[in-house]
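Report on one structure; see the data block that follows.
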Amino acid sequence: MSLSVWADKDVPRSTPTSPVSPLAYGKKVFRSIVLCIVLLIAVLSTNVFKFTWSSPINYCNAFLLSNLNKYGNEQLCSQYDVLVPKNLLWNTVGEVVGTEEFKDRAVNWLAGAIRIPTESYDDFGPIGEDPRWETFKHFHDYLLEAFPLVHSTLSLTKINTHSLLYEWTGTDSSIKPVLLAAHQDVVPVEPRTAADWTYPPYSGHFDGTRIWGRGASDDKSGLISLLSAIELLLEAGFKVERTFVLAFGCDEEASGHFGALQLGKAMLEIYGPNAFAFIVDEGGDISEHYGTVFAAPGVAEKGYLDLRVDVASPGGHSSIPPSHTTIGILSRLLVEFENSPFPVEMSTDSVFYGTLQCYAGHGKTTPLDLREAIVHSGTSKKALKKLGDILFKNPANVALVGTTQAIDLIQGGVKSNALPEQAYAVVNHRISTLSSLAEVIDRDTDTLKGLANKFNLSFISFGKTISDTSASSAYGSLVFSDAFNNSLVPAPTTPTSGSKARPYELLSGTIQATYNAHRGLELESHNVVVAPGIPTGNTDTRYYWDLSDGQILRYNHRNSMAFKDVTSGVHTVDENLPIEAFLEMIRFFTTLILNTDESRSV
């Protein structure tokens, strides 16, 4: 990425770099290979390596990687400077976070939150009518008791009863506020799996290393680490100049209709459009790729569509069946979907391409063929295609770049001896950031249009008549609709370079400062590479687009490297979080608040 220099003095800086020149890179590769050959000849002639040919070959490969890395780092993926808060309070708070006494407090804070099962369900009834909402009242009581200074200093407004909107009012109203978000709810624990947990799912058990229970990773750790950071700052006497707003939804895991949707409306009314300098919500984390530590703030989100496919045809007694029953027809339609996946191709405009540039520029063990394909792909269509061929062998990469489809629900028939009159399925789509909701609907429609005619079905797609067959002469019907009325277009992409990238730059500098401080590393050194990322799912920020001018960052500094030996268990059995990862999240939010309060560039 080419990054611009800011005039402001209170923000981190990065020297701009020119785009990679494939010719220059090619010359560099050629010179490195020649040098390596000379080196091999010299090594063999002196008989330094006496055992196998693999030793000099491995040495040469390491030599090439080292030289190409030195060339590629800043050319491919420039890094913003580390941003350390000027307020000496940061050092004081950091020392506190490192004590055993504070660790005990942190364990108790998160464990206590986990013990309250704030499960959210897709079939939630209205608040006040469905008794399953009542658990959130207990959670609110817990927060009030656990964080007394937060609740005596910040104002709290409850939106639609169970969503929480806090305001930490600053002394300077001329500075744009910042919105920090998290969600209170968790995915329900399947009762039949409760016995499979190492510790009971709502025990909040601490084994000396990890805290176990539903919500430990998603997202009570995010919410509690944020409140813990604020409580800690308040205990140290910190007062904000900039206003900070906290928004905690109550049903993010069920699409946020009762929670974030209502919070978004309320904040738009209270603060107005584009009121916030930037927004931070759950999302990217820290992980290791190609021998290098990367942090990946989510700067975009894919779109979303639950396509409902309804088929209807005449019923009757199953002893006299037609050639194709309603379920049979639906099954054939679904097979056609699975036989026609959305095409995927690499694009230099995708967020993932920016991630790849950082892998090529900073990955210590990035394969040479991948690195070379990334470098040349900016100007060569052939190289861009080769890059896609390499990456799309992995389905996870296909999911990051393309539009996906998954048949997740199906229903039809009421009795074994009765022909089903109706059957339906739901096809879940996650829509590429380079596509659109309309494009997905059109393609789905085109995919099944031929079969609709073959089975003599009238075909209506989202209210639009598609087939030439009239309803009166058709054997049956095919109807496309939005299954749950929660479709979503892809989110706007947050800038990561140029004059509009100041929030991303501030976050980047904060990530690096937090990472270094928590490990006792030299503060100004670059030990983690920040790369633009994209989550495969959606967050509550889908309802907050109008609150900030395209400045949404999805990141809460969870250290995924802590799960090398034990999986995180997110959305499944044995969800957990290492205490060190949680403490680092608290340090991150402390650093973010201090840096943001000091900055006048965002």
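Residue numbering: from 1, along the chain as shown.
For all residues, glycine too, the Cβ spot is worked out from N, Cα and C.
Here is what TrEMBL says about this protein:
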- 29-49: transmembrane segment (TRANSMEM)
- His183, Asp218, Asp281: Zn(2+) 2 binding site (BINDING)
- Asp185: active site (ACT_SITE)
- Asp218, Glu253, His571: Zn(2+) 1 binding site (BINDING)
- Glu252: active site, proton acceptor (ACT_SITE)
- 299-443: domain 'Peptidase M20 dimerisation' (DOMAIN)
Original post:
In Å, rounded, how far does the Cα of Asp185 (active site) sit from the Cα of the residue listed as 'active site, proton acceptor'?
Top reply: 7
Subject >> Candidate nearest His571 (Zn(2+) 1 binding site) in space, where candidates are the recorded positions Asp218, Glu252, Asp281 and distance is Cα-Cα >> reply: Asp218
Original post:
Which are the residues of the chain, Asp218, Glu253, His571 excluded, whose CB is within 8 A of where the CB atoms of the Zn(2+) 1 site average out, their centroid?
Top reply: Val186, Val187, Asp219, Val570
**OP:** To the nearest whole angstrom, state the Cα distance for the pair Glu252 (active site, proton acceptor) and Asp281 (Zn(2+) 2 binding site).
**Re:** 12
Subject >> Mean of pLDDT values spanning the domain 'Peptidase M20 dimerisation' (299-443) >> reply: 97
Original post:
Hey, for the Zn(2+) 2 site built from His183, Asp218, Asp281, who else sits with CB inside 8 A of the CB center?
Top reply: Ala181, Ala182, Asp219, Gly222, Leu223, Gly249, Glu252, Glu282, Thr539, Asp540, Asn556
Original post:
According to DSSP, which kind of secondary structure is Asp185 (active site) found in, if we only use helix, strand and coil?
Top reply: coil
Subject >> Residue counts (helix, strand, coil, in that order) that DSSP gives for the domain 'Peptidase M20 dimerisation' (299-443) >> reply: 60 helix, 33 strand, 52 coil
**OP:** Count the Cβ atoms, other than its own, that fall within 10 Å of the Cβ of the residue listed as 'active site', considering every protein chain shown.
**Re:** 29
Original post:
How many other Cβ atoms are found within 10 Å of the Cβ atom of Asp218 (Zn(2+) 2 binding site), counting all protein chains shown?
Top reply: 22
Subject >> Length of the line joining the Cα atoms of Asp218 (Zn(2+) 2 binding site) and Glu253 (Zn(2+) 1 binding site), in Å >> reply: 10
**OP:** Take the C-alpha atoms of Asp281 (Zn(2+) 2 binding site) and Glu253 (Zn(2+) 1 binding site) and report the distance between them in angstrom, rounded.
**Re:** 14
Original post:
What does DSSP say about Asp281 (Zn(2+) 2 binding site): helix, strand or coil?
Top reply: strand
Subject >> Nearest-integer angstrom distance between the alpha carbons (Cα) of His183 (Zn(2+) 2 binding site) and Glu253 (Zn(2+) 1 binding site) >> reply: 9
**OP:** Please list residues from the chain of Glu253 (Zn(2+) 1 binding site) whose Cβ is under 8 angstroms from its Cβ, counting only those at least six apart in sequence.
**Re:** Ser120, His183, Asp185, Val186, Val187
